[in-house]
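What Swiss-Prot records for 3-148 is domain 'Clp R'. Sequence annotations record features per position, and here Swiss-Prot assigns region 'Repeat 1' to 6-70. What Swiss-Prot records for 84-148 is region 'Repeat 2'. Summarising the annotation, Swiss-Prot assigns region 'NBD1' to 161-342 and lists similarity to another entry as the type of evidence. Residues or ranges marked as ATP 1 binding site by Swiss-Prot on the basis of similarity to another entry: G208, E209, P210, G211, V212, G213, K214, T215. The region 'Linker' annotation in Swiss-Prot covers 343-551, and the record cites similarity to another entry as its basis. For 393-527, the entry in Swiss-Prot reads coiled coil, with the evidence type similarity to another entry. Positions annotated as region 'NBD2' by Swiss-Prot, on the basis of similarity to another entry: 561-772. The ATP 2 binding site annotation in Swiss-Prot covers G611, P612, T613, G614, V615, G616, K617, T618. Residues annotated as region 'C-terminal' in Swiss-Prot: 773-866.
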Amino acid sequence: MDLQKFTQQVQQTIADAQNLAIASEHQEIDVAHVFKVLLTESDFAKRVYDVAEVDTDALQKVIENTLEKIPVVSGSGVNYGQAMSQALFQLMRDAEKEQQQLEDDFVSTEHLILAVMDQKSNPITAELKNQHKAKKQIKEAILKIRGGKRVTSQNAEENYEALTKYGRDLVAEVRSGKLDPVIGRDAEIRNVIRILSRKTKNNPVLIGEPGVGKTAIVEGLAQRIVRKDVPEGLKDKTIISLDIGSLIAGAKYRGEFEERLKAVLQEVKQSDGQILLFIDEIHTIVGAGKTDGAMDAGNMLKPMLARGELHCIGATTLDEYRQYIEKDAALERRFQKVLVPEPTVEDTVSILRGLKERFEIHHGVNIHDNALVAAASLSNRYITDRFLPDKAIDLVDEACATIRVEIDSMPSELDEVTRKVMQLEIEEAALKEEKDPASERRLEILQRELADYKEEANQMKSKWESEKNEISKIREVREQIDHLRHELEEAENNYDLNKAAELRHGRIPAVEKELLELEAENREKTAQEDRILQEEVTENEIAEIVGRWTGIPVTKLVEGEREKLLKLADVLHQKVIGQDDAVQLVSDAVLRARAGIKDPKRPIGSFIFLGPTGVGKTELAKALAFNMFDSEDHMIRIDMSEYMEKHSVSRLVGAPPGYIGYEEGGQLTEAVRRNPYSIVLLDEIEKAHPDVFNILLQVLDDGRITDSQGRLIDFKNTVIIMTSNIGSNLLLERTEEGEISPELESDVMQILQSEFKPEFLNRVDDIILFKPLTLADIKGIVEKLVEELQIRLADQEITITISDDAKAFIAEEAYDPVYGARPLKRYIVRHVETPLAREIVSGKIMPHSSVEIDLADKEFTFKVTE
């Protein structure tokens, strides 16, 4: 017996049967071992018996019983599974005869299945005959699956029913109601139909950005074929979506991938144009399966595409089409391009309205129309790195999923009460052990409290269950309507007019009426009482999801946030002392943005802060970041002194192609792409190279910039703050009593205009002059720094108080108008914090003690009280 005459699957089956015999401690490999392996591991054997309508469960039981009857030989030196039984040897010889009769080149699985029908006194043969299965029926099933093919290679079983194995029948999926409806895209579908109707080169390729609906167009064509809304030439055709991944997966041996693809193409060719092959991500066929000396999938398709034997529809993105298909000119010319543009917001709303019912049925929720409009408009405005309608559909889907999860989870109010009951029950069990009067009194009170909580929990639970049941009932009725509509469509397509009339005028209206009654009843209950569960998806839910994805707050203002925004200026005044104009302008810009009346095409605000060092320019940016985001992490700080050379400018938007760091992206663009809602602080802009400002022109004017990767980065939700020391000497010399005169402002502006180009300055919203700090301002800053020190010491449970004399002395000693507030910090560190630290380390100041800091003869004194 020559094993080379067997297909690889048969060889593997014999090897697995041998392993089974060894594991079972059987001396010989029997027919039962082989068929046990075939029925568990061979898809082909299972498929043959399915087509022949064999009860495989009963067959497997017979095989198990046969294996149990084989005697187990134990002991040392016994060779298990080293020989074939006489019955198996006979089966192999009969299989070779079957191979010769069918004129095949190799013995394959089907020959074993046929050969077992001729075995005498074999339990498997007896069981098949008991099921009234003759060899003729099994042979017919095999020939049906083979589809006229012969076994010409050792991978023959892999190539039977290749389209079923490696593809999905989209038309069958439409008929079974698995695909979502396709709304719009009529022009593109008509274009595809026109190309498919050509004599040669009838292969459209859909090209568009990811998420614009390329695959949906093919699904729309499948739906039209089912509705017979296509020209005569396309009626009754089938669209098979080819899965390149499963075609390549598991092709271990050289030439196996080509054989599989050849089998697919052969089946398409034999269909005489009845099968349209749809290859999603068609760029994957270029180079697919290419190994040393092998031909890739693209080259195998070319001859059939050119002759018009293969109707192929491709879909790929613009970038991948350019990268893969355009490079292969011979392949490109065999396809006709169909460009799929991104739909408008209005078209997206229509698409969402078409999908609304499907989402409602799947999630069991009720979607408001304003939620669909919000999903289209908010995704278009805030999610700029993805495309409509995909991003809008994802928003609606996630909002529905959020509501569904809340419906299925235990409500937080009920959860709290249930936990309280559990806590009281534990306490009750502990108190029952105690016998003293106080414990008994406490137990009595606790039991009354527990009874109240249990009653409340039971009421809430029953209310939750009833609300959940109502929602489930509505969902079931919606599913029923969807099922009936699908039946109606099927009846109309099959011209079953009696059934169609019964559905259209009888069953569907009755179920729709039931749904309306249930929804009305639900609304009535909602109006009358507070409901635990919410099943409505409104624009607020959509806005929440947008906020979660992007970090941009787009929800309607809640009361707490209104207060926070209205008091923003006051809070900033406390953090940044002495710069009232700057604080007011910045807080007004944030207020306009959050109220939704800012220009949607520009950043929230762009400012240049001018002033001497240490007056609060950077501090204001930090305070704003902390107030808007509760942390300074959302502040993107870029020190412009790092961008003094011409070549360093490209670091902002990313290195150009061919340079190191190209893949990493720019320092500014990547930071904003990750956090689109943030404060961008460009510190010391006068130190940057002039070319930096050319990059900033588009950011300030249109709120957008393209990075080195070609991605559009959105700056429309950023506050851009630039700081500079230009004109600080004039501000220091000529500021009188903390006020800046109009003449001084004009002189500073002239210096600024000589430093920066007019087109840059013209795009900035406001140029704010920071005044040098007065002694009164410095006293206010001392208060702030002392408060910060008190917060730091609170961790060690030490409280400090500083007398007014000491504070005034610190302000006078550390005040220097040239350096602003920074010397103040240094003075406090040197004269207050360092002596304090020495006292703490030496053990003179212990935790839980108070320290009074006073002034005596221009020296600080520390009085410690426990």
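Counting begins at 1 with the first residue displayed.
Positions of Cβ are set from backbone N, Cα and C atoms, glycine also.
Computed from a predicted structure; not experimentally measured.
Where Swiss-Prot records a feature, it is marked here on the structure.
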residue : record             : Cβ contacts under 8 Å, 6 or more apart
G208    : ATP 1 binding site : K214, T317, L318, L339, V340, P341, E342
E209    : ATP 1 binding site : T317, L318, E342, F387
V212    : ATP 1 binding site : V340, P341, E342, P343, F387, L388, P389, D390
G213    : ATP 1 binding site : V182, R185, V340, P343, I351, P389, D390
G614    : ATP 2 binding site : L773, Y819, G820, A821, R822, P823
V615    : ATP 2 binding site : G578, Q579, F770, K771, P772, L773, G820, A821
G616    : ATP 2 binding site : V576, I577, G578, Q579, A582, F770, G820, A821
T618    : ATP 2 binding site : L681, D683, T723
C-alpha spacing of P210 (ATP 1 binding site) relative to P612 (ATP 2 binding site), in angstrom: 50
Other CB atoms within 10 A, centred on T613 (ATP 2 binding site): 16
Sparsest Cβ surroundings (other CB atoms within 10 Å) among the binding-site residues G211, P612: G211
The one of K214, K617 whose CB sees the fewest other CB atoms within 10 Å, among these binding-site residues: K214
Most crowded position, judged by CB atoms within 10 A, among P210, G611 as binding-site residues: G611
Three-state secondary structure, K617 (ATP 2 binding site) (per DSSP): helix
Tally of DSSP helical, extended and coil residues in the region 'C-terminal' (773-866): 52 helix, 20 strand, 22 coil
P210 (ATP 1 binding site): nearby binding-site residues from G611, T613, K617, Cα cut-off 10 Å: none
Cβ within 8 Å of the mean position of the Cβ atoms of G611, P612, T613, G614, V615, G616, K617, T618: remaining residues of the chain near ATP 2: F609, E619, T723, F770, G820, A821
Helix, strand and coil counts within the domain 'Clp R' (3-148) (DSSP): 99 helix, 6 strand, 41 coil
Output field, ATP 1 shell: CB within 8 Å of site CB centroid, site G208, E209, P210, G211, V212, G213, K214, T215 dropped: A216, A315, T317, V340, E342, F387, D390
Spatial separation of K617 (ATP 2 binding site) from G211 (ATP 1 binding site) - C-alpha basis, Å: 44
Most Cβ pairs under 8 Å with the region 'NBD1' (161-342), selected from 6-70, 84-148, 561-772, 773-866: 84-148
Contact between the region 'Repeat 2' (84-148) and the region 'Repeat 1' (6-70) (3 or more Cβ pairs under 8 Å, separation 6+): yes
